[in-house]
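**Q** Before anything else, here's the structure in question.
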Amino acid sequence: MCPFIFVIFLDKGLDLSCMSHSMNMRIFSSSRRFLRQAGYYGLFGVLGVLLLLLTVNDRNWRLLKGKSTWEVQSNYSGFSASLAVDLNLETAWSSHVPMEFGVYYRVNVGKPVTMNGLLLRVGKNRQGQPVRWVLKTSLDGEQWHTHVTGNGISHKSLLIIPFAAVRAQYIQLIQTSVSSSASPWLINEFDILQPVVPWQFRRGTLVLVIGGWLFFMLGVLVFPHQRTNVFSPPILTVIVLVILLSGWLLRIYDLDSYEFSAREYQRLVVLTFDKYTHGEWLRSYFDYSKTGTHWLALLCVRWAYQFSHSQFIAFRLVPALFSLISVILLYFLWRIFSQNAAAEWEALTLAMFISWSGWEIFLNRSGSFSATVICILLIYLLLTYHFLYRRGSYLLALPLAGIFCVGLFLHPFVSMVPVGILLFGLFHLLVCRRAPGLLHGGHLFLYSWRPNIRRLLIWLLSVAPGYVYWGMVAKKEGFLPPSREVLVEFCEELVRAIRFQGIEGAAALLFWGLVLVGTYFLLSHREHGEWWFVCLIGFTAAGSAVFFPEGQRASVSIVLLLLGVLAVRGLHEGLSFCYPRIIPERLPVMRMVCMAGVGLYFLLFSVNSFIGVSPLFPFGAEVRDTYLSKKTASALAKILREDSAPCKTVFIPNRAVALNYQENYGVLAQAIAFSEIQRLSEQGIFGTYLILLNDDAAVFDQHRRFAETYYTQIAGDARMRLYVIKEKFHNVVRRYYVRDLFFSIGHHREDEHASRRLVRVATPDDAPGLLSFGPFVRICEEGRYTARFALRSFGGKADETVVRLGVMSDHFGALARLELTGADFPDSEQYEIFELPFEIDFSENPVYPMKRLQFSVRATGKAEVRLDYIDVIPPDYEE
């Protein structure tokens, strides 16, 4: 059979060698197509794995088995502690007393295991769940490690307390909240969670990895199909991937290690992530927002927070995403607008400039939304140009209207863009009438007014809804006229943005020289798309800088974009002009070398500013100093978290910084004015730690001198310093005046016999009640203390009780009581001192040695009683 077929082929004159070659080519083509498709499927497969990993990692829990062998105990109702681990939801352990500080539940699982969470179930009584707690683990029952757990996850009768996976044998949950109701702490079932799989990642880290992978997929799926006269598709794809992924890494590296900016603090207060749904938040934002940023960008932050569960990542992920999307848009946009032979070179160099610019990266890392506005601006310019000058479909008016409204939602200075488009259109009509050959562009159609009146009207109608909205917002927020101060501040911000360090002056001079050269060549080429883009960018930046000073950083970013376009044009056109024309084939090589050199400079500039500190490469000293000073916050927070003392207090004379430590680092910091810190120090009341900020040199010097008197510096830098109280100020008398206490009856009155002239007074006309209580002072050392009350009373009978004194521990448990009659106040003109000793003992609760004390003065209404102060005298104190 085979020889017969072979003879037929020969008879027909068929060339088997050619047939074999064509068949091999088809097989090779099919194999290549199969591999390409398999690669594309692999990209989506990896994305699916990452999303699955995110889902599993977020719920990477399973119940630890072997509860029948666990040893459990508690300092309250310890005899029934086993009822919480008996696998029966109908039984429950109860503290039998209202929740208070120090109630703990401890479990010994018998051997070291890996654990990463707790699950508490309380049945129908949801008030039995703790509100605040401290969670500790240990391998030997003696050395304990405290975990930062946040607020936990509540769902109906369940409370899940996740924490970082750790290997331990003992775990204990300590109650640190005081219940407003009489409900005891209840646990129907206590379960320990352990990882389903051996790995455990931070959710924020996985979110950032997924973001990087999406940009990788975008580069691989889009750029191999681009028509290019300079690069082959694989080389173009590699270059774009390097630009995008390196830019993404610079924006997300160590993202949550430095503190929020003042604007971010302000937005954090408005957002209230965990308190509102999206609709409720929008209503509250419109009612109470004073941030100066429109709601759409902050709504994106809320979505990012729900995805990442990190406030740091939520605020900074949104600008980073939009910044790199702007890089991609700018690449395509410049290739469309510019008809220059070097447009592709310029587009790639411009993408490098924006992706690796130290100033742009710093804005993204500090939560500035300027990249969000620029991204929307570039999309709007691209669609508008296609609609007006390339006779795009009339249906484009709908997305144009939507994008314009979105831009206004992000920032009101987008309202300047249509004004610039109209002005350039009038200029274009004038040029077409007077000098038709001035601007080049065979694709242009808008040469006269009459043939395009319908298109112009439709475009004007597309911007009308946005202007209606902006007019309403402008009336509400006000419109600022231009002023000299605004322009000076904008110029100073611009100078900071383009200041180059390292090679002193040379880089700046070269940059400005390229800008001038680029301006000359751009004007001389008279390309319509280039003129349109540059004029609109310049007009928008100028208008926003003058009329919208709250968006100065966005204005500076737009100006940098404009300068980058001119500098890149100057770079490539200058290279073409200067290079010998006899060997033009070497020009692409020189452009590649030049583009790589510029990119390497900016990359080293940014890497050394945010990651490295080497003096061998140029770096932005100002950017780096700002970054490192903000990074100090995470280092100080680590020191504070390592101190697990229950009586630890942290004083910070800055509300924004204190909120940062509370919300993002799990440190219970108190925002207290420095004048108040000084007043309390005179009364013997000190914070265990003190954090000072060097925002004002003169003020900081005063603060520093005060801190060095009572504290010792243990960490920090020139901007932020951490102090710890000196040992000799631990054992001092703490005095509480009436302004430090709480009251139920009476009123304040000046009294010249009082130590500070201000006292709390209860008269016989007042109903019996608490003249004072509080201040819920923390005591963490055992011993015999003394409460000293300075009181004055008159008008009472010798045999009648006029006031009752008490020392109380949290909700209940009187440590000492004393009743005073009128006979105890022989001299009505002076304050009598009454001492009430009491004992502090932690033998019943060695796990959490802390009590919160309040000192009560209860007036009976039988006489006038005045309170001056209350002293707390520590054990072994010598006057």
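Glycine too: its Cβ is placed from the backbone N, Cα and C atoms.
Annotations in TrEMBL come from automatic prediction, not curation.
Pasting the relevant annotations from TrEMBL:
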- 38-56: transmembrane segment (TRANSMEM)
- 74-190: domain 'F5/8 type C' (DOMAIN)
- 205-223: transmembrane segment (TRANSMEM)
- 235-253: transmembrane segment (TRANSMEM)
- 313-333: transmembrane segment (TRANSMEM)
- 369-387: transmembrane segment (TRANSMEM)
- 416-435: transmembrane segment (TRANSMEM)
- 456-473: transmembrane segment (TRANSMEM)
- 505-523: transmembrane segment (TRANSMEM)
- 530-548: transmembrane segment (TRANSMEM)
- 554-571: transmembrane segment (TRANSMEM)
- 592-617: transmembrane segment (TRANSMEM)
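For the listed features, I'd like the structural context: burial, neighbours, distances.
**A** Only residues 6 or more beyond the boundaries of the transmembrane segment (205-223), in the same chain, are considered here, and those with a CB under 8 A from a CB of the stretch are 39-40, 43-44, 46-47, 50-51, 53-54, 57, 233, 236-237, 240-241, 244-245, 248-249, 252, 255, 307-308, 313, 317, 320-321, 324, 328.
Away from its own ends, the transmembrane segment (313-333) comes close to residues 204, 207-208, 211, 215, 218, 240, 243-244, 247-248, 251-252, 255-256, 260, 264, 267-268, 273, 297, 300-302, 304-305, 347-348, 350-351, 354-355, 360, 363-372, 374-375, 378-379, 381-382, 533, 561 of its chain (Cβ-Cβ under 8 Å, at least six residues beyond either end).
Tertiary neighbourhood of the transmembrane segment (554-571): same-chain residues 330, 334, 340, 346, 349-350, 353-354, 357, 359-360, 363, 368-371, 373-374, 377, 411, 413, 490, 493-494, 497-498, 511, 513-522, 533-534, 537-538, 540-541, 544-545, 548, 594, 598, selected by CB-CB distance under 8 Å and a gap of 6+ residues from either end.
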**Q** What else in the chain is close to the transmembrane segment (369-387), if you only count residues 6 or more beyond its ends and a Cβ gap under 8 Å?
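**A** For the transmembrane segment (369-387), the nonlocal Cβ contacts are 293, 297, 300, 318-320, 322-323, 325-326, 329-330, 332-333, 336-337, 360, 363, 396-397, 399-400, 403-404, 406-407, 410-411, 413-414, 417, 421, 455, 459, 529, 532-533, 536, 540, 551, 553-554, 556-558, 561.
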**Q** Where DSSP helix means H, G or I and strand means E or B, what are the helix, strand and coil counts for the domain 'F5/8 type C' (74-190)?
**A** 11 helix, 62 strand, 44 coil
**Q** Determine the mean pLDDT over the domain 'F5/8 type C' (74-190), rounding to the nearest whole number.
**A** 81
